[in-house]
Amino acid sequence: MTTEATSSPAPQTPVPGAVSAREKKNRRQDSGGVRGWFGRQNPWVRAGLMVLFAVLAFLLPYVGEIPLIGPQIVTQGIDWPSALFNMSYYVLLALGLNVVVGFAGLLDLGYVGFFAVGAYTVALLSSPDSVLRTEWGWTAAVPIGLAVAMLSGLVLGYPTLRLRGDYLAIVTLGFAEIIRIVATSTETLRGDRGFSDIPHPPGEFADGKPIFGVADAVPYYWLGLAVIILVILGVRNLDNSRVGRSWLAIREDQEAAEIMGVRTIKYKLWAFAIGAFIGGLGGVMFAGQQGFMNSQTFVLQFSILVLAGVVMGGSGNIAGAILGGALISYIPDRLRGIQDPIWHTDLFGFRFAIFGAVIIVIMIFRPQGLIPSRRRAMELKDREKEVAPIE
Amino acid sequence: MNFSGLIQDFGPLTITGLAQGAIIALFALGYTLVYGVLRLINFAHSEVFLLGSYACLIVWGFFGLDQNSATPSTLSVIGLLLLGLVAAIVISGITALGVELVAYRPLRKRNAPPLAFLITAIGASLFISETVGVMTQRNIKGVPPLIQPRDVFVIGNMHVTNLQILIIVLALMSMFLLDRFINRSRLGRGIRAVAQNPDSAALMGVNKGRVISLVFLLGGLMAGIAAVMYDLKIGVTRFDAGFLLGIEAFTAAVLGGIGNLRGALLGGLLLGLLQNYAASLFGTEWLHAASFVLLVLILLVRPTGLLGESLGRARA
């Protein structure tokens with residue numbers, strides 16, 4: 001992080017000159033509710049609450065033990081720790097995409113591409129099926145996987161970030177499709193046959209059993225959670241730094257930002273590379289838990305789902321991205337194993353249809369997302385006032 | 001790299017490419033129209049197409065036709081084709097209007113940020129295609145062989161079939177009519193006005209809400225025609241047919257300059273041709289990859305597509 005970050009007085013400082021008197025007043029008025037209360041506490045109380053949240057998150061695998069409420073929460077058709085692990089990598093992806101879409105305002109429809117790059121690099125380096133025959137351990141393959149994912153973000157970003165919003169969307173979508181096509185049709189990446197026996201993360205209990213086995217997904221979930229917490233800390237600091245302020249400026253008005261001396265291409269590349277890095281992180285975690293993957297894993301619908309999660313949760317807000325990411329994984333998993341009353345089939349088949357309807361309803365009633373960033377919520381209020389009376 | 005194959009089959013590849021491009025171009029019009037007026041990617045347009053492709057099959061099913069029936073007599077084929085077209089157009093049009101009403105209008109009333117529209121459109125798209133998927137058990141559905149492909153004329157090794165001629169002529173005709181409608185009629189002038197400047201248009205007495213509905217409807221009509229053509233050409237449809245072809249259609253729209261009607265035509269035809277050439281050159285599996293690479297290259301040189309993006313300035 002740059003030194004300006006640590007010396008800046010208020011963490012939420014936006015672009016210089018952007019805070020008008022009205023906005024300040026709004027902010028004060030806006031401080032009702034849970035978040036306002038949270039903001040008024042002293043830093044120690046806030047930190048304590050954060051730690052409490054983290055501890056509670058680590059205890060989530062045992063939520064089923066709580067009488068009455070617990071059984072309603074846990075999934076039925078898939079074991080609860082596995083569902084939690086699924087949630088953890090979706091949350092990771094949502095956090096990464098939130099940097100690209102929420103912070104920097106770049107519409108990326110092919111985010112799954114970076115996830116795939118990370119996962120495939122690990123598979124290539126570690127699976128016995130790979131042509132490389134290196135058969136590295138998971139831990140050794142991870143840094144390479146992350147580096148390659150980040151590099152792919154830079155390589156994709158450098159020529160395309162000059163494009164305007166919607167064009168960027170189609171180019172990123174094309175990137176993800178190309179990755180999938182390459183994975184399907186080249187011999188090296190093994191198409192549908194995929195890679196099996198990708199090693200799990202290392203580590204043993206005292207009795208010699210591996211911590212990261214096949215049966216129990218709880219350790220994977222905890223690993224995922226630990227990674228998520230690190231990512232949250234990193235992303236939050238970035239957002240409060242010079243980089244974050246540049247992203248904000250680019251998102252609000254690219255031309256104005258450029259005139260004020262923000263090097264737009266540089267900071268867009270930053271956003272893309274960091275997004276790609278976090279996406280790759282999701283990919284390496286996924287590869288390490290599943291042990292198997294093929295080209296069917298990385299369909300385009302996946303990126304669109306994550307994007308829906310980010311915007312639904314509240315784009316530009318870390319808490320929102322976490323909630324959105326968790327929901328897009330939890331809702332379909334929760335529907336698994338439930339019989340519908342009419343046809344008596346598994347509701348899992350309807351999961352995306354139901355999910356689609358849920359997205360529409362949420363967005364209509366909360367177009368700013370479930371937990372919007374404060375700034376976005378205010379912008380929306382302003383926009384609503386600006387609605388042209390003539391329709 | 002199979003250059004000799006490409007040169008040898010250049011004629012046949014061109015004609016199949018044109019037929020495929022015509023379908024993509026018709027489909028792409030829906031994206032371009034909505035984008036031109038609202039500056040939004042109408043993600044749910046693929047499902048407008050999807051329901052059209054099922055609607056004509058259902059109508060043909062009423063007459064006891066499925067993929068195993070024999071080809072009916074010429075007169076009844078014409079009747080059935082017209083009926084199928086009408087059904088697809090009606091259902092696609094209604095779907096497009098429905099999507100606008102459910103997924104777009106409530107957000108527009110609240111002046112929501114553009115990203116919110118994209119997400120509701122994704123929601124609508126997921127909802128429709130997955131519902132169709134559940135109802136059809138995710139199986140493919142065959143199309144009755146209404147038109148047996150027959151060579152009409154042959155140039156060298158280029159066999160031009162009746163189906164290809166039908167597709168290309170019908171596509172060009174509907175696009176010509178649409179172009180006339182947008183550029184000559186009173187309603188079309190309204191569309192162009194809103195595309196240029198929504199607020200001024202509203203002040204000049206253009207009913208913005210109605211123009212937006214009209215734009216969705218027009219896109220739906222074109223997608224309906226494209227859907228029937230697709231059914232006849234491919235011979236099967238599936239719950240995700242709309243999504244897959246939709247990506248191509250959107251690429252075509254961007255390629256030609258999104259928001260530009262003639263750009264959609266150019267982009268569609270170009271994409272159809274290129275895909276066929278690339279498939280022969282590198283193998284079928286690289287077909288889509290080639291179109292995206294072309295798209296990136298063109299956008300790097302011409303960031304607003306081949307013909308630029310201007311529904312409003314189409315004929316200002």
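The backbone N, Cα and C atoms fix where each Cβ goes, and this holds for glycine too.
The feature transmembrane segment is assigned by TrEMBL to B:20-41 (among others). Beyond its flanks by at least six residues, the transmembrane segment (B:20-41) meets 48-49, 96, 104, 114, 117-118, 121, 167-168, 170-172, 174-175, 178, 191, 194-195, 198, 211-212, 215-216, 218-220, 222-223, 225-226, 229-230, 233, 245-246, 248-250, 252-253, 256, 258-261, 263-265, 267-273, 275-276, 309-312 of its own chain at Cβ-Cβ distances under 8 Å.
Annotation comment: TrEMBL describes B:48-65 (among others) as transmembrane segment.
Per TrEMBL, the feature transmembrane segment maps to B:77-103 (among others). Remote same-chain partners of the transmembrane segment (B:77-103), defined as residues 6 or more beyond its termini with a Cβ less than 8 Å from a stretch Cβ, comprise 30, 42, 44-45, 47-49, 51-56, 58-60, 63, 65, 71, 117, 120-121, 123-124, 128, 146-147, 212-213, 216-217, 219-221, 223-225, 227-228, 231.
Look at TrEMBL and you will find B:115-136 (among others) tagged as transmembrane segment.
For B:163-182 (among others), the entry in TrEMBL reads transmembrane segment.
According to TrEMBL, the transmembrane segment annotation covers B:211-230 (among others).
Annotated transmembrane segment per TrEMBL: B:250-274 (among others), in sequence order.
For the transmembrane segment (B:286-305), the list of distant contacts is 247-248, 251, 254-258, 260, 263, 267, 271, 274-275, 278-279: same-chain residues at least six beyond its ends, Cβ to Cβ under 8 Å. What TrEMBL records for B:286-305 (among others) is transmembrane segment.
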Does the transmembrane segment (B:163-182) make contact with the transmembrane segment (B:250-274) through 3 or more Cβ pairs under 8 Å, each pair 6 or more apart in sequence?
yes
